[in-house]
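According to TrEMBL:
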SIGNAL    1-24  signal peptide
DISULFID  Cys33-Cys48  disulfide bond
DOMAIN    65-208  domain 'Cupin type-1'
BINDING   Asn105, His110, Glu115  oxalate binding site
BINDING   His108, His110, Glu115, His154  Mn(2+) binding site
Amino acid sequence: MAAARLYLVVVMVVSAIISNPVSADPDMLQDVCVADPTSGVKMNGFACKASFNASDFFFDGLANPGLTNNTMGSKVTAANVEKIPGLNTLGVSLSRIDYAPGGLNPPHTHPRATEMVYVLYGELDVGFITTANVLVSKSIKKGETFVFPRGLVHFQKNNGKDPAAVIAGFNSQLPGTQAIAATLFTASPTVPDNVLTIAFQIDTEEVEKIKSNLAPKS
Ligand SMILES: *[C@@H]1O[C@H](CO)[C@@H](O)[C@H](O)[C@H]1NC(C)=O
Ligand SMILES: *[C@@H]1O[C@H](CO)[C@@H](O)[C@H](O)[C@H]1NC(C)=O
C-alpha cells in the first residue's frame, strides 16, 4: 500500500515537472539570481551576479512614449532581463508599445511567452492566427486587455486618429520576437530568393523589392 502510494506521488510530481503548467520559463530555485551578462558561463538564462541592489530591479524606460516616427509607425520598448538584470529566472517581463495614428506592430511571434496587453490610451485592432489558420481578432480601447497565446503570429494596428499605447506582460524574462516579414526578408545571411519566390509565389524582382523596402534604414 505504502509503496503504491509513494509510486503515485512520484508519478504526480514527475508529471507536474514535465508539464510545468505555470510558467513558460523554467521555475526558479532561489530567491534571486540577478543576471551577470558579462559572465562567460553558458547556461539556460544568465549566471548570477555575486552582489546586487535595488537598481538591478528597477527600470524607468516605460514611463514615456517611444518614438513612432519610423516605417511601421510603432515602437516596442522592452523591459526584459536585458534591461532589468533582476528578472533573471523570474519568468516575467513587460513591454510598452506606442502606435502613431495608422501605426502597425507588424505580424510577429514570441517563441517563449504568452503576451497580455493592457491599453493605456487609444484604440487598436488586434489579432492572432491559430495553427488551424483562424484569425481571432478584436478592437480594443483604453482600459481593456487582450491575450496573444504563446508562439502564435499576432499584430496590433492603430486605425484610430489618435496615438495609442499598451503595456504588454509576458510569462518569460526574455520572450524573443520574430517579425515575420523582417525575419524572412532581412535575415543575415539572406534567405535565398528561390525560397521566397516559391513560398510567396512571386518573382525575383518582387523579392528584391520587398528586401530593399524592409532593409533597416540608416
Ligand atoms: C547599486 O550598485 C551600483 C554599483 O554596483 C551603484 O552604481 C548604484 O548606485 C547602486 N544603486 C543603489 C540603488 O544602491
Ligand atoms: C524621430 O523624431 C526624433 C525626435 O523628434 C528625431 O530625433 C529623429 O531623428 C526622428 N527619426 C526619424 C527616422 O525621422
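Note that Cβ sites are derived from N, Cα and C of the backbone, with glycine treated the same way.
Nobody curates TrEMBL annotations by hand; they come from automatic prediction.
DSSP assignment over the domain 'Cupin type-1' (65-208) gives 22 helix, 58 strand, 64 coil. Cys33 (disulfide bond) falls within neither a helix nor a strand when secondary structure is assigned with DSSP, and so counts as coil. For Asn105 (oxalate binding site), the recorded positions whose C-alpha atoms fall inside a 10 Å radius of its own C-alpha are His154, out of Cys33, Cys48, His154. When Cβ atoms from all protein chains are considered, those within 10 Å of Asn105 (oxalate binding site) total 26, not counting its own. Rounded to a whole number, the distance between the Cα atoms of His108 (Mn(2+) binding site) and Cys48 (disulfide bond) is 31 Å. Excluding His108, His110, Glu115, His154 themselves, the residues of that chain whose CB lies within 8 A of the CB mean position for the Mn(2+) site are, in sequence, Thr109, Ala113, Phe128, Phe148, Leu152, Val153, Pro175, Thr177.
The 10 Å shell around the Cβ of His108 (Mn(2+) binding site) contains 18 further Cβ atoms across the protein chains shown. Spacing of His154 (Mn(2+) binding site) relative to His110 (oxalate binding site) is 9 Å (Cα to Cα, whole number). The separation of Cys33 (disulfide bond) from Glu115 (oxalate binding site), Cα to Cα, is 23 Å. Apart from Asn105, His110, Glu115, the residues listed for oxalate, the same chain places the Cβ atoms of Val76, Ser95, His108, Thr109, Val117, Phe148, His154, Ala168, Phe170, Pro175, Thr177 within 8 Å of the centroid of those Cβ atoms. Rounded to a whole number, the C-alpha distance linking His110 (oxalate binding site) with Cys33 (disulfide bond) is 23 angstrom. Secondary structure at Cys48 (disulfide bond), as computed by DSSP, is strand.
Separating the Cα atoms of His108 (Mn(2+) binding site) and Cys33 (disulfide bond) is a whole-number distance of 30 Å.
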